[in-house]
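Novice: Following this message is one structure expressed as structure tokens.
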Amino acid sequence: MGAAGDRHGFYVGLGLALASSVFIGGSFILKKKGLLRLCGRGRPRAGHGGHAYLREWLWWAGLLCMGIGEAANFAAYAFAPATLVTPLGALSVLVSAVLSSTFLNEQLNVHGKIGCVLSILGSTVMVIHAPQEEEVSSLESMAEKLKDPGFIVFAVCVLVSSLLLIFVAGPRYGRSNVLVYVLVCSAIGSLSVSCVKGLGIALKELFAGKPVLKEPLGWVLLVCLVICISVQINYLNKALDIFNTSVVTPIYYVLFTTSVMTCSAILFKEWQHMVLDNIIGTISGFLTIVSGIFLLHAFRDVPFSPDLLPLFLQQGRADLRTAWRDTDRHQSCQHQPLLPSEDKSSQSTEEEEGESV
């Protein structure tokens, strides 16, 4: 019965994670469309610190989609380990890339398509080899894990680095380097996932009839989650307003996934009891995703043509074309004597007839 319940929870978490990727991928497109409309009207841009997007209904539609996606993601973390749910965010990159090429006229070339396929394959491998987290069934056990010195050091590093990025690197490099604002969203996002996991446990206890509302930890996690999501939304809007969606989305996914996997490994000890094949599978799947995201991002504006092939492949292609021409010429030479022989025989026959006459 316990195994069946675990399997049921796996499929519920998987379905919620897939739905979350679809809604979150679509939210990027709606937000970008709203920001482009504001730019066309001459309103203050989000990249310059403006908040005119709060009056744009397309932006609110994107926010609603993101809210639905985050809610589904929230529920998925309650049913499945974080390292199972987070890699499926690669599908949001695929959805965003396909929709941006359709509705935003952002080109998706063959490199991008290969990158999307690699992201899906890598996510599948990571799901198959997903590590098992330590069982956390109550807020008390969650509080004990939050007091772990390793997690405290990680959280302090995340907060300090985020403050440096916001107040030091942001004003100087925020408009020229996409990593500045995306790193803020990713680092803070790793803490928001921990808050989501704790709130999911609190909701399970609440539905079980336990007095969760009297526990201060649940309220602290809720406040921290609201703050983290607010920071993420603000700086994600800045990144989307300044840079291309096809750039922001994959980089955000890679950095966010890395941050969440690191936080989950420290907080929930997910890698502690893994066997070697699962470790290799998880790392290989993640590297496959990163490779796909790199193809999707690095060559997004490069048109694919045979001239882009390496020189040795171009030489081989030229030699193959020459060989084909020689083969065709040889075959044509083999068939040519048939007609001339007929012509010669006919000519000789005509000459004999002429002589006899």
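Placement of Cβ uses the backbone N, Cα and C atoms for every residue, glycine included.
According to TrEMBL, the protein has these features:
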- 9-30: transmembrane segment (TRANSMEM)
- 57-77: transmembrane segment (TRANSMEM)
- 84-104: transmembrane segment (TRANSMEM)
- 110-130: transmembrane segment (TRANSMEM)
- 151-172: transmembrane segment (TRANSMEM)
- 178-196: transmembrane segment (TRANSMEM)
- 217-235: transmembrane segment (TRANSMEM)
- 247-267: transmembrane segment (TRANSMEM)
- 279-299: transmembrane segment (TRANSMEM)
- 329-357: region 'Disordered' (REGION)
Novice: Should anything in the same chain at least six residues away from the transmembrane segment (57-77) have a Cβ under 8 Å from its Cβ atoms, list it; otherwise answer none.
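Specialist: Those are 12-14, 16-17, 19-24, 26-35, 37, 85, 92, 193, 196-197, 199-200, 229, 233, in sequence order.
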Novice: Near the transmembrane segment (178-196), which same-chain residues lie under 8 Å Cβ to Cβ, leaving out any that are not at least 6 residues past its ends?
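Specialist: Residues 73-74, 77, 82, 86, 146, 155, 158, 161-162, 165-166, 169-170, 221-222, 224-225, 228-229, 231-232, 235-236, 238-239, 242-243, 247-248, 251-252, 255-256, 258-260, 262-264, 267 contact the transmembrane segment (178-196) from elsewhere in the chain.
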Novice: Same-chain Cβ contacts of the transmembrane segment (84-104) under 8 Å, 6 or more residues past its ends?
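Specialist: Tertiary neighbours of the transmembrane segment (84-104) are 10, 13-14, 17-18, 20-22, 24-26, 28-29, 32-33, 36, 69, 73, 76-77, 112, 116, 119-120, 122-123, 126-127, 130, 193, 245-246, 249-250, 253, 256-257, 260-261, 264, 285-286, 289, 292-293, 296.
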Novice: Do at least three CB pairs under 8 A connect the transmembrane segment (9-30) and the transmembrane segment (279-299), leaving out pairs fewer than 6 apart in sequence?
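Specialist: Contact absent: fewer than 3 Cβ pairs fall under 8 Å.
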